[in-house]
């Protein structure tokens, strides 16, 4: 039975304040037509978006609602139930135009830079119909995905038990946070730099990487306290390269110097005297050693750590955090490899609607360029058109989880997107010990999201964009690194690194991550995270 308290709570959850007489009228309609408060609010939101351009409830508007909707239900008692069942928990699937202000927006623009006014125009699109138009017969849902074992189970946890217990709980109306989320600009204050893709001048490209070697090597020298050389041993700085068209090994290491120090000459490095090291192509290092004949450098020590200290939580993050911050992190692909039905994405949207986290970070690819249904050229609509449908499918969260902020991160594998860097990928060499932690630590120590050079085959790395937007301004509290490696959550020198892996694996289901950041003073670890099966 609907009460004034329940109706008020439902409206407040959507950020709508109503007058006393309007509240009384709403309760009266619920009692007269035998509907609960939640169903009534859903019916009102659908009616308002369809016929009133999203206007708030008034006595006049409620009379129109009763005349057009509830009066029909009296003549056909099952009509309301059937309508609710056909549209699901979100009734914002009609031909509506929704315009939201930046303070209340749920879905940020793809590759967003600053908050903008978002306008979503939808046809009758529901998550049950989420697949592209095609010239070939439609393939049904994935049987392997449907029969996956133990969906929703936690496969890995990180953090204190007290925070982990709170992590699994869904947010309620009282868990709303006033968040100020911004994109961090580069050192020039720019959010995005226009670049001439494919028209880089070689001398400008060389200068970009030369400046990077000088900057990072100076940071390494300062952190390691290296200032002196002797008559036999010298300090040299440069970038690791491979002298063969193969994987880097101990016999193929080359050190590329800067123009200022060595006219950009390269020297072979003899690694036999080193007991332990971890190198990869593109890594900036400082080596202490000797070069007896001028044709081979023999290092005694290798220094590569330019990482900055973790900011003080009390002076930085926790100074603005007014309560526990819950996050979900997920990486594409969002459909199985044998169809374009996007069942994992639908299940994830349902999970978000139930948990109501504060922030959701979704990284691509949304439409994988290697997907079989993309490669066979049977789609009867443009890639961008179907991507817009995928974004529209997130629009139902405006109703089920209106205070959730969703941020979309691009991928170079998205078929509709320019396949340029930035994107994060890492194929690194290693040694013994915790390989995944060491690989993640390379990103932090080199102060860049992509320290590899040359880049992986198929990755179109733009040097100007890399220099402008792929540098780490500081060591973050949480670093998200989606990759093909098995999922992991690790504390790497104070930075919590999360790899949610992928939402799908071939024709089966994958995993995503949920994170909770708390400001509780009695808990030493203020960040907890889990990996969850979809």
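Placement of Cβ uses the backbone N, Cα and C atoms for every residue, glycine included.
It should be emphasised that the depicted structure is a prediction, and the values quoted were computed from it without experimental measurement.
Record features (TrEMBL):
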DOMAIN    7-72  domain 'DNA polymerase alpha subunit B N-terminal'
DOMAIN    225-303  domain 'DNA polymerase alpha subunit B OB'
DOMAIN    328-425  domain 'DNA polymerase alpha/delta/epsilon subunit B'
From the DSSP assignment alone, can you count helix, strand and coil residues within the domain 'DNA polymerase alpha subunit B N-terminal' (7-72)? 50 helix, 0 strand, 16 coil
For the domain 'DNA polymerase alpha/delta/epsilon subunit B' (328-425), the number of residues DSSP places in helix, strand and coil: 35 helix, 18 strand, 45 coil
Per DSSP, what is the residue tally for the domain 'DNA polymerase alpha subunit B OB' (225-303) in helix, strand and coil? 4 helix, 32 strand, 43 coil
